[in-house]
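Pulled from Swiss-Prot, these are the features on record:
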type	residues	note
DOMAIN	1-181	domain 'N-acetyltransferase'
BINDING	Phe115, Phe116, Ile117, Val118, Pro119, Thr120, Glu121, Gln122, Arg123, Ser124, Gly125, Asn126, Gly127, Phe128	acetyl-CoA binding site
REGION	191-224	region 'Disordered'
COMPBIAS	200-212	compositional bias 'Low complexity'
REGION	236-263	region 'Disordered'
COMPBIAS	253-263	compositional bias 'Basic and acidic residues'
Amino acid sequence: MEIAFDLSSIFTDNIQRLEKADLLKYSPKQYWAVAKSIDTLGEMSSKFHGWKRIITMYEKIIDHDEDQTVYILWDKVDGNKSVLKGILRVGYKTLYLTDNEQNQYMEKAMCILDFFIVPTEQRSGNGFNMFDAMLKAENVLVEQCAFDKPSAALRQFLEKYYDQKEPVMQSNKYAVFPNFFIGRHPTVPFTPRQTKRASRASSAVSSHTTSRNTSPIGRNRPRHDSVADLMRQDNFPRGRSVIDPNSPAGFKLTRDQRHEPIW
């Protein structure tokens, strides 16, 4: 990607590091090529990654509350022209993170916010050279970095050159690698509270049921008939049977009572 400006007139390195103070110094009124380079590469990066909006722009960087640093990979060509090869935007952010064991952390980490190499400049070591230059300039290790919405290409790049595998994806769309958490102390250690509570509740219910079924009071208590059982015809008292007065029992009854039975 060519730009009609000789960047060597203001840039001192082919991988140029620009802090916010540098960007303010290179104002668009006098150094239009700086803002143009950032905006052009930022737009190309968004299209390449399939993002709905451009996330790297000159004005956004200088207006951002947090300090961010931009790296521009470029080269001089014949005449007053330069070729833009790639861009890398980084900055420190405080993130809420969770490891694979569900421990929670609040960490200020170096974040990789945008990383793009022009397709025609890829597979030539340009990406590794720029990324490695950034790590050295910022004095940070790759496993100490957090990556904002890492693409499949970036994950392959990190695995190929830095042996970083199996990123731990976060709910905030950032990703870190397992070694990020080594030596860090969680702000909220994971404790399976829900599991313990459920276990205690289950034990209490089981204990209550067992004690109710094996109570010595209930075990020896006489059985009471239900209302339905009492209403059955067979349970009502039977009427008195009529005694034949000519039977032995009838003679005895008449003799004992000295009168005839009245029923």
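Glycine too: its Cβ is placed from the backbone N, Cα and C atoms.
Taking the features listed in Swiss-Prot, we show where each one sits on the structure.
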{"residue": "Phe115", "record": "acetyl-CoA binding site", "contacts (Cβ under 8 Å, 6+ apart)": "Ser45, Gly86, Ile87, Leu88, Arg89, Gly127, Phe131, Leu154"}
{"residue": "Ile117", "record": "acetyl-CoA binding site", "contacts (Cβ under 8 Å, 6+ apart)": "Leu73, Lys85, Gly86, Asn126, Gly127, Met130"}
{"residue": "Pro119", "record": "acetyl-CoA binding site", "contacts (Cβ under 8 Å, 6+ apart)": "Phe48"}
{"residue": "Glu121", "record": "acetyl-CoA binding site", "contacts (Cβ under 8 Å, 6+ apart)": "Leu73, Lys85, Gly86"}
{"residue": "Arg123", "record": "acetyl-CoA binding site", "contacts (Cβ under 8 Å, 6+ apart)": "none"}
{"residue": "Gly125", "record": "acetyl-CoA binding site", "contacts (Cβ under 8 Å, 6+ apart)": "none"}
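Predicted-model confidence for the domain 'N-acetyltransferase' (1-181) is 94, expressed as mean pLDDT.
A simple way to gauge crowding: the CB of Gly127 (acetyl-CoA binding site) has 23 other CB atoms within 10 angstroms, across all the protein chains here. Largest Cα-Cα distance over the residues recorded as binding acetyl-CoA, namely Phe115, Phe116, Ile117, Val118, Pro119, Thr120, Glu121, Gln122, Arg123, Ser124, Gly125, Asn126, Gly127, Phe128, equals 16 Å.
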